[in-house]
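Novice: What follows is a single structure, and I will ask about it in a moment.
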Amino acid sequence: MFGLEFFLVLEALLFLFTCYQVVKAGRILDEIQDKLSEVKRGERVGTKRKYGTQNKYTGLSKGLEPEEKLRLGRNTWREIRRKRGKREKKKDQLAEVSRKRSLCSSLDGLGEPALSSSEADEEFSSEETDWEEEAAHYEKKGYQPGKVLANQLRKPKAAGEGQFADWPQGSRLQGPPYAESPPCVVRQPCAERQCAKRQCADSFIPREEQRKIQQAFPVFEGAEGGRVHAPVEYLQIKELAESVRKYGTNANFTLVQLDRLAGMALTPADWQTVVKAALPMMGKYMEWRALWHETAQAQARANAAALTPEQRDWTFDLLTGQGAYSADQTNYHWGAYAQISSTAIRRWKGLSRAGETTGQLTKVVQGPQESFSDFVARMTEAAERIFGESEQAAPLIEQLIYEQATKECRAAIAPRKNKGLQDWLRVCRELGGPLTNAGLAAAILQSQNRSMSRNDQRTCFNCGKPGHFKKDCRAPDKQGGTLTLCSKCGKGYHRADQCRSVRDIKGRVLPPPDSQSAYVPKNGSSGPRSQGLKDMGTGLSGPRKQSERRPRKTHKVDLRAASDFLLMPQMSIQPVPVEPIPSLPLGTMGLILGRGSASTLQGLVVHPELWIVNIPQKYQVLCSSPKGVFSISKGDRIPQLLLLLPDNTREKSAGPEIKKMGSSGNDSAYLVVSLNDRPKLRLKINGKEFEGILDTGADKSIISTHWWPKAWPTTESSHSLQGLGYQSCPTISSVALTWESSEGQQGKFIPYVLPLPVNLWGRDIMQHLGLILSNENAPSGGYSAKAKNIMAKMGYKEGKGLGHQEQGRIEPISPNGNQDRQGLGFP
């Protein structure tokens, strides 16, 4: 019995001893792993550099090894093979210890107290040294260029230099959103960033995760404490551009992608690049940039009144990357990047869309079949573009939503109007759309209208059968039997009295249908109309009848173009030949006027003039087309001749006789001017003296620009000025001017202001002066014998003026009516 107990105790002691050894080995392994961690190894490397201690493996190249080490036999092939075998042996020992630790992990609580760190250091000092050598050799061999590492080892960094000197070489740090900026900013070129990427390869973070971390902030802090700028990746810009193209700028998916970009520390230049690449048109980018600058200006004014001194330095140039901040945008405070992203996204949401009524919230109305939630979304989106994401505008938006909603939604909201917008959405979620009473009623009425339209089928007026109209009927025509080719146009199978063609098969213009035709539709002819100029009461073209050659009761005669003519704006006024009218006697007077339809509707301008029928010749009419090209065909009726009929029944004027230019009498005062000299006249206009030449051919007076005071206002006239030259838009006085002659005569006129060498006084001044032209007292005897004979028949008496009773009247001369149609007129 005693032997059995002794055996059990001995077995238990052996078991405890074995567990003790296993636990001891496990704790030693933990200490080794802790000492070989990245941070501890960096601290030891920094300590060695601080005290000038150099690693014995400074490089494998011959140029970096001292000659003394080569003479002592270090780093020879035998030494390298020995150390390599030692490293493999150490790996096997660590693997065996790890296997034993996994077997006894459940008995961790049965072990003795852990060994002190000093004992562990003494026991594994040699192993630790070998591990450091192995790690340094591993880093130097595969993850860092030899030249860069040699420079770093030859120039150790002083202790405490830089804010991040205690961190291991190559570690990438992400700055907090509102942390203080490092003292220095380093913009690394591409080659240095590749070197930094190699130095970060000894991190425990996988390379894919490191790439995602780099995307988080295009501006990030490097390993040496400086900031590095990395551009936004191509895939992110591509996804944003595709989202804008497929869904639009304000789609939810597009805005979510912008919110993801807002979490990054994007510089102003980055935002401009991203927006320019994402928006489809350059005009949209310019609109966004203008809105962004406006919002940045408002944000800069708010920053100037901030409490913190850092935020007061965030000016407009800083937020937009202009001025002194155009070259270096990575040294901003971390909070400034958040403001830049906020202003950029806010202005993105404010971009206008084609066809929308932006800025008019009262026009956002809920449709009859639109759900209440969609209507609220449209109203909220339109309000955000005007007010931004402001809570102060929430009451106004709610009031507009209530007023612009449908009648059913307002009835549901009214009992709980003070509950808020979220409660309105819950109550009205089933209202709106085609399933409401109003929607069902509209659908029922629409279906009834469709059924009624199906039953109300019209029948053919030719055959009387339903299903088609007369124009599509294939049955023979009841009125005329079998149809033949039209004798009028020659282009279709229909009767001539039903022809609606404007031109025949040869291109000639057809006359309008006769109003006395046997077949006239009930609603009038609905076919095409004549393409020529319209005539008020008469057709423009058509067969000329003999009755049109004679004066009608209205005393108007239509004149036809004698040939084809083309008028253009740059041609100014051109004479257009017209056909003479042989039925009018010679000496007939008339006034040429344009037709209303031709002048007003078609753009042709016929300039009025007095026309006297002389000997048979080729007559012409002055026409122009200032608004476009106008084509005149031969035979078109363009001008009208308004005949001036004789007036033999005119009574004598009972009032005082008014003598004006053109009248003469015994008591008339004459101004005799010799034609050897230029007839000059000096006038005082608005207190200033002007000297000019009398021009009987000018309707309006003209003042030279050399005489015109600069203080007097002028404007451009809408009428053209035609004389020896042509002026399309002449300058004219803006106000009426008062003139006064040396004899006290006064009047008002509105002169033209043109660059002429002299001033010209026209008939607007000479009429008020009472000037006349006369050759009665000419040295050659005055009028010719033929003229005196004609004047004698009209009642002229030499030396007593022109007129029957020497009355000097101003009305037109009334010739004696002759039955043989001779003289100036006829009764």
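Using the three backbone atoms N, Cα and C, a Cβ is placed for every residue, glycine included.
In case it helps, Swiss-Prot gives these features for our protein:
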ACT_SITE  D695  active site, protease
COMPBIAS  515-529  compositional bias 'Polar residues'
REGION    108-143  region 'Disordered'
REGION    504-556  region 'Disordered'
REGION    800-827  region 'Disordered'
ZN_FING   458-475  zinc finger
ZN_FING   484-501  zinc finger
Novice: In sequence order, what residues of the same chain, 6+ apart, have a Cβ less than 8 Å from the Cβ of the residue listed as 'active site, protease'?
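Specialist: Once residues fewer than 6 apart are set aside, the residue listed as 'active site, protease' is near L760, W761, G762.
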Novice: Helix, strand, coil residue numbers for the zinc finger (484-501) per DSSP?
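Specialist: For the zinc finger (484-501), the helix, strand and coil counts are 3 helix, 2 strand, 13 coil.
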Novice: Please spell out the DSSP helix, strand and coil residue counts for the zinc finger (458-475).
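Specialist: Within the zinc finger (458-475) the tally stands at 3 helix, 2 strand, 13 coil.
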Novice: Determine the mean pLDDT over the zinc finger (484-501), rounding to the nearest whole number.
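Specialist: Summing pLDDT over the zinc finger (484-501) and dividing by its length gives 83.
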